[in-house]
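Since the structure comes first, as structure tokens, the remarks are kept for the end.
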There are 2 protein chains.
Amino acid sequence: MTRIEHLTESGLLARITPGLAQGSDVELGPGDDAAVVRMASPRLVITTDTLTEGHDFLLRATRPEWIGRKAAVQNLADVAAMGARPQAVVVSVSAPRETSSELLEGISRGLDDRCAREGASVVGGDLGAADALSITVTAVGALPEGQAPIRRDGARPGQVLALGSPLIGRSAAGLALVLAGRGEELVGRISADGSPADGDSADEDSADGTSRATGPDMTPEGLVAWHDAPDPEIAPGWTVCPGRARAMLDVSDGLARDGGRIARASGVVLDLDRAVLAADAAALAPAADLLAERTDPWHWVLGGGEEHALLAAFEEGEVPPGFRRIGRVRVPAPGEESGVVLDGTVLSDLGFDHFG
Amino acid sequence: MTRIEHLTESGLLARITPGLAQGSDVELGPGDDAAVVRMASPRLVITTDTLTEGHDFLLRATRPEWIGRKAAVQNLADVAAMGARPQAVVVSVSAPRETSSELLEGISRGLDDRCAREGASVVGGDLGAADALSITVTAVGALPEGQAPIRRDGARPGQVLALGSPLIGRSAAGLALVLAGRGEELVGRISADGSPADGDSADEDSADGTSRATGPDMTPEGLVAWHDAPDPEIAPGWTVCPGRARAMLDVSDGLARDGGRIARASGVVLDLDRAVLAADAAALAPAADLLAERTDPWHWVLGGGEEHALLAAFEEGEVPPGFRRIGRVRVPAPGEESGVVLDGTVLSDLGFDHFG
């Protein structure tokens, strides 16, 4: 192990930057004051987000590569949710002086791998000292001329609410296992091949951790790995959603809370389909049974954040491949506020808030 | 005072985002998954940097607005140093739950003010919980078609080395005063008009804290304010440098260290002019006299970072307004390595390293 305090900043960067693959759209990669990237259009889509040790992840209950993947995906998904393909990211890492170089190299590798899968390059970064490890990623993409950004306010009564993931709530279930003190043990049991969601699956057919043969990995190990590095399909955001999705975001803070954002922005009610989501809750029930304090898996389905799956409203008959119907958009009843409803109950207060 | 733990994330954002002025190039500002900005060209210039409490600033020895200004300028200067005008920034703030909303609002105001002065908009951000306050800014600009980025490797023998600041070393002098325990007292003495570098100056003629009547503010208060919110002129980076500067960067880690980057990338020696820089050292001498442990102000001139002034190589006769000659570019002597030299002494090891 090499502690970074024994390396110069440039020595550390010399270990990291050669591993960052640069796409053909990168005019100037890491190493100067700023990077230069030829975007697909001048209409820039940009977003930023931070992961902090002790708040957003626990080092003992994850892997360096997974931290990098999670930091990537939460930003890539935001760009995708506007209907744009992510092209490049920059990353700022703050780390204690006693941090190992290997940890930072692992984070960088995970970040680069996850970006590369979408065709995005890690074009620059910054390293600084701090008391706690944190990783801030900024992702950029571009909207083609004439293509409107897919906002949150375009849901209209009669449309279908659809989710770009075969199962929601895995990240929250994994978090519950981590908070129950089982993270270190479960992560230790997963083979160290750098693939977070493989768990006990026999194959790796799909990028979102869903094996075509066996479906999502619902083992405790698989759920913790999904929490540590959620891996939803985000490419549909720019491949099939432009011109089709009327409102879209990625599920960062839970179905209820994020759905509520679409509902309020659009002035509608999102009526969730209990029969559909009951399958998600049932799939998560065995994990809930593992916890000393029994949790209702419906809380994970409706309130669980950090999934980063795409949630969108489509006109009836226009739901594209990769999305499944989970509800419908309707007019608020007289006196009813905009929000997310399940069986007549408003769910808007469920979900994750960073400070509340 | 309102602690942010008593606000929801959206409640906090509702206090901050309405104050962020959006330029006409912003198609979609804060509030969705990502922002959309129409760049001046598709050739994106992008950079990111973090400020962390206890490492990059001390809350008791600065002001919220200055933290925002510093976070802005260190990124805007990086974009400018490539020859591009900064158009937009995004910011990720991590803060302890007991942080006051007023502190975050002040940071946001300082960030927005400093960006607005260059015509850049704060188009988005993220707020998360952490044990220490940190601010990560990502700045973007665009290079016009056909305009090469101004890199570090274009310095050639015979060129002039020039600095886009009337005085270097103020930030290091201010830091020395802070580290000597005088920060709180000195900051408290400065009028609370939000203008960090005014100090005792009679007027505010120039954006870089240089009064036309009295020159740079060399009072102890002015030096601490400059350290807390360095305010170099960066617009020459995109107004007069394209097509003229052969190599350029901004001074983040000190003249010796940053000059060394140009020297090594270009395979040249940068020979500093003692007579010119002696004036900087002389101007800083009174501040050095205030410290119990006498410091040679030359260390601040040659090794002081966080100035963010532009440092560039120009052909003889092409040094533009706003820059002053501080040395010349020459061929390394037989057996001499590339680097920065003063009176025959190599200075490359001076300066700030985040981990070394």
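The count begins at 1 with the first shown residue.
Even glycines carry a Cβ here, placed using N, Cα and C.
TrEMBL lists B:31-142 with the feature domain 'PurM-like N-terminal'. Under DSSP, the residues of the domain 'PurM-like N-terminal' (B:31-142) split into helix, strand and coil as follows: 37 helix, 47 strand, 28 coil.
Under the heading Mg(2+) 3 binding site, TrEMBL lists B:D33, B:D78, B:D250. For B:D33 (Mg(2+) 3 binding site), other Cβ atoms within 10 Å of its Cβ number 27.
When other Cβ atoms within 10 Å of the Cβ of B:D78 (Mg(2+) 3 binding site) are tallied across all protein chains shown, the result is 30. Under the heading Mg(2+) 4 binding site, TrEMBL lists B:D33, B:T47, B:D78.
Feature annotation from TrEMBL assigns Mg(2+) 1 binding site to B:T48, B:D49, B:D126. Annotation for B:D49 (Mg(2+) 1 binding site): same-chain Cβ neighbours under 8 Å, separated by at least 6 residues, are B:A71, B:Q74, B:N75, B:D78, B:T136, B:V137.
The Mg(2+) 2 binding site annotation in TrEMBL covers B:D49, B:D78.
The 10 Å shell around the Cβ of B:D56 (substrate binding site) contains 22 further Cβ atoms across the protein chains shown. According to TrEMBL, the feature substrate binding site maps to B:D56, B:E306, B:F352.
Residues or ranges marked as ATP binding site in TrEMBL: B:G125, B:D126, B:R152, B:S252.
Sequence annotations record features per position, and here TrEMBL assigns region 'Disordered' to B:190-218.
A sphere of 10 angstroms centred on the C-beta of B:D253 (Mg(2+) 5 binding site) encloses 22 other C-beta atoms. Among the features that TrEMBL reports, Mg(2+) 5 binding site is placed at B:D253.
Between the C-alpha atoms of B:D253 (Mg(2+) 5 binding site) and B:G125 (ATP binding site), the distance comes to 27 Å.
B:G125 (ATP binding site) and B:D250 (Mg(2+) 3 binding site) are 25 Å apart (CA-CA, integer value).
Separation of the C-alpha atoms of B:T48 (Mg(2+) 1 binding site) and B:D33 (Mg(2+) 3 binding site): 19 Å, rounded to the nearest whole number.
Comparing B:G125 (ATP binding site) with B:D33 (Mg(2+) 3 binding site), their Cα atoms are 10 Å apart once rounded. Among the binding-site residues B:D33, B:D78, B:E306, the ones whose Cβ sits under 8 Å from a Cβ of chain A are, in sequence order, B:D33, B:D78. Around the Cβ of B:R152 (ATP binding site), the same chain contributes B:A247, B:M248, B:L249, B:R261, B:I262, B:A265, B:S266, each under 8 angstroms and 6 or more positions distant in sequence.
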